[in-house]
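Colleague: I have a structure I would like to understand better, so I am pasting it below and will then ask my questions one at a time.
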């Protein structure tokens, strides 16, 4: 079962150590990089969970705003992606998200996204299921053709009204005229200081409330229905892949370790080891766009 704490945030080492003790998690032997062994397990799996993070999007050229150089102007994402930041300066926060939306409209799914979507479609015809649980808000999985998709942190291309609560897809470019040409990430760029009445507004009749991005900000509660669906997927999967995630953003950081704790094979695909790597049966080092396609390609045991 997933830990029932729905608040988005970075997991600290003390909490991780406590959870390891609670679940009786012990260190395992060094994860294997034996692709043939992984493929044998993959060929027999009927319910596959794929957990993805920012590393997958980074290979499409999407800024992650993580680590060294991970700034928009002089702020890190954690300083802007909060309810407090939006309440204090909605213009600045909307500039940040407008920039991200406009960038995303120029990006395309990469071979990792495509491999996952193709695998889902192919295995679906065999009565097998692939479900993607993503922390990413860029919709690249959706663009690649993934159907069984749980976006636990929301989407850049959805808005929610602060007044009436209505949420809907929004692909306008720019999202409002006042943001056109705004949002440059250069450290020397000045805030546009757009009046709040000129920021994106709800178009439902009689409302005109201020819109916000329909994403889960740091300190906010994840959607309980989506998290419940993720829990069902993780409780029933017989193989789990964790792809391009640093395993430090809670609660998603604990998904794969909990699956591993019940004896299900977990394969990590990442550029580097993570705090959870030692818990997994497999670790494939390198760009996901290189390592994932051969791992998910048609197995010789599959019917043509």
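Even glycines carry a Cβ here, placed using N, Cα and C.
Small disclaimer: the values here were computed from a predicted structure and weren't measured.
Sharing the features that TrEMBL gives for it:
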- 153: active site, proton acceptor (ACT_SITE)
- 53-72, 135-138, 244-246, 270-272, 288: NAD(+) binding site (BINDING)
- 97, 100: substrate binding site (BINDING)
- 161, 164, 202, 207: Zn(2+) binding site (BINDING)
- 28-302: domain 'Deacetylase sirtuin-type' (DOMAIN)
Colleague: Any idea what the Cα distance is from residue 65 (NAD(+) binding site) over to residue 100 (substrate binding site), rounded to a whole Å?
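Modeller: Answer for this pair: 10 Å between alpha carbons.
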Colleague: Could you give the Cα-Cα distance between residue 135 (NAD(+) binding site) and residue 153 (active site, proton acceptor), in whole Å?
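Modeller: That separation, Cα to Cα, works out to 6 Å.
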Colleague: Listing them in sequence order, which of the binding-site residues 53, 61, 97, 100, 244, 271 have their Cα within 10 Å of that of residue 164 (Zn(2+) binding site)?
Modeller: none
Colleague: When you measure from the Cβ of residue 97 (substrate binding site), how many other Cβ atoms are you left with inside 10 Å?
Modeller: 23
Colleague: Based on Cα distances to residue 202 (Zn(2+) binding site), point out the closest of the binding-site residues 53, 61, 97, 100, 271.
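Modeller: Of the binding-site residues 53, 61, 97, 100, 271, 97 has its Cα closest to that of residue 202 (Zn(2+) binding site).
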Colleague: Given the binding-site residues 97, 100, 161, 207, which one's Cα is the least distant from that of residue 271 (NAD(+) binding site)?
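Modeller: So, of the listed binding-site residues, the one sitting closest to residue 271 (NAD(+) binding site) is 100.
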Colleague: Given the recorded Zn(2+) site (161, 164, 202, 207), which additional residues of the same chain have their Cβ within 8 Å of the Cβ centre, ordered by sequence?
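Modeller: Everything else in range on the chain: 162, 163, 165, 166, 201, 203, 204, 208, 209, 211.
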Colleague: Return the count of C-beta atoms lying within 10 angstroms of the C-beta of residue 244 (NAD(+) binding site), excluding that atom itself.
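Modeller: By my count, 26.
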Colleague: Looking only at 57, 135, which of these binding-site residues has the biggest number of Cβ atoms within 10 Å around its Cβ?
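Modeller: The residue with the most neighbouring Cβ atoms within 10 Å is 57.
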Colleague: Can you tell me how far the Cα of residue 244 (NAD(+) binding site) sits from the Cα of residue 97 (substrate binding site), in Å?
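Modeller: The separation of the Cα atoms works out to 22 Å.
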Colleague: Are there residues of the same chain, six or more positions away from residue 161 (Zn(2+) binding site), whose CB falls under 8 angstroms from its CB, and which are they?
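Modeller: When sequence neighbours closer than 6 are ignored, residue 161 (Zn(2+) binding site) has 167, 202, 204, 207, 209, 210, 211 within Cβ distance under 8 Å.
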Colleague: Taking Cα atoms as reference points, which of the recorded positions 97, 100, 153 is nearest to residue 53 (NAD(+) binding site)?
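Modeller: That would be 153, the closest of 97, 100, 153 to residue 53 (NAD(+) binding site).
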Colleague: Select one residue from 53, 61: among these binding-site residues, choose the one with the most other Cβ atoms within 10 Å of its Cβ.
Modeller: 53
Colleague: May I ask for the distance between residue 97 (substrate binding site) and residue 61 (NAD(+) binding site), taken between their Cα atoms and rounded to an integer number of Å?
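Modeller: Roughly 16 Å, rounded to the nearest whole number.
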